[in-house]
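Q: Please see the structure below; I have some questions.
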């Protein structure tokens, strides 16, 4: 296995780990997680009745990683690069798997898939609404599935941004979602560069957020909402302020940045968590899964950022990866190998 394949596997395993781990804590407040589970969790749990993943097995993934998986499988099947056609086919195929779509698909993704299945390809307003509220579509689904943009353009920031914009456009056609998607993708692709630090990946991601917003405002839907860029900067400030007390810092991120569905909460929160764990990427994923609220998505985004920096030979990572592959019937090692052959 060469270095590129190792990093691809690191990303795939990290996103899946974050998704599956966070699926058990999703919707719970920061403090309640620590009371309910007798402290932060780092091993897979069976989701309880507060989680959307109720009924899943421990280690089973949700919409976050399954979309990454289906997109990459469609790229391999099509034997081409990321295109709008490939992405739409992947999302429609994903939507046909009821174990993912029926239980986990968010409103923005549901609306987009309904549009692609509509003979007129028309985006419809929600029931009772007069117009389509595009600002409400600035959600974290744009960033949670963005890993393919980085994996398929390793070390190439501008190409990664273009593919991240393309991926976001298919489901989340607005300036904020595109900013968050580009931030996450650029942080990931930078990690494929030799000897890149996590800190360098984070600041590259900030550039991605800036550039993604610029492009989206020029070419796509400019929507109202808090700036992903400014909130990433604020998350960095919180991480620095609480560098000697991480638990308080994590609570500050939860209280001030937020860890919810909006892209301007989820992506900056993930960046702040990673900034608090620059020397320990696995712990960043654990902290994200225990941050509260939309934990599976924030942990999946965190996994995307730190994935290239993961030691895939670490016993803990290998154990989690094996459980994920078994429970979900997904061969991530094979997928990483086949992606490597595309180069």
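Placed from the backbone N, Cα and C atoms, the Cβ positions cover glycine too.
Not measured: the values here are computed from a predicted model.
According to TrEMBL, the record shows the following:
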BINDING   62, 63, 64, 294, 296, 297  Mg(2+) binding site
Q: Near the Mg(2+) site, what residues other than 62, 63, 64, 294, 296, 297 in the same chain have a C-beta no further than 8 Å from the centroid of the listed C-beta atoms?
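A: Output for this site, in sequence order: 19, 22, 23, 26, 104, 144, 300.
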Q: Inside 10 Å of the Cβ of residue 62 (Mg(2+) binding site), count up the other Cβ atoms and send me the figure.
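A: If we count other Cβ atoms within 10 Å of residue 62 (Mg(2+) binding site), we arrive at 26.
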Q: Using a Cβ cut-off under 8 Å and a sequence separation of 6 or more, which residues in the same chain sit near residue 297 (Mg(2+) binding site)?
A: 19, 22, 64, 140, 141, 143, 144, 261, 266
Q: For residue 297 (Mg(2+) binding site), name the DSSP secondary structure in the helix/strand/coil scheme.
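A: Where residue 297 (Mg(2+) binding site) sits, the three-state DSSP reduction gives helix.
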Q: Do you know which of the binding-site residues 63, 64, 294 has the most other C-beta atoms within 10 angstroms of its C-beta?
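A: The most densely surrounded of these binding-site residues is 64.
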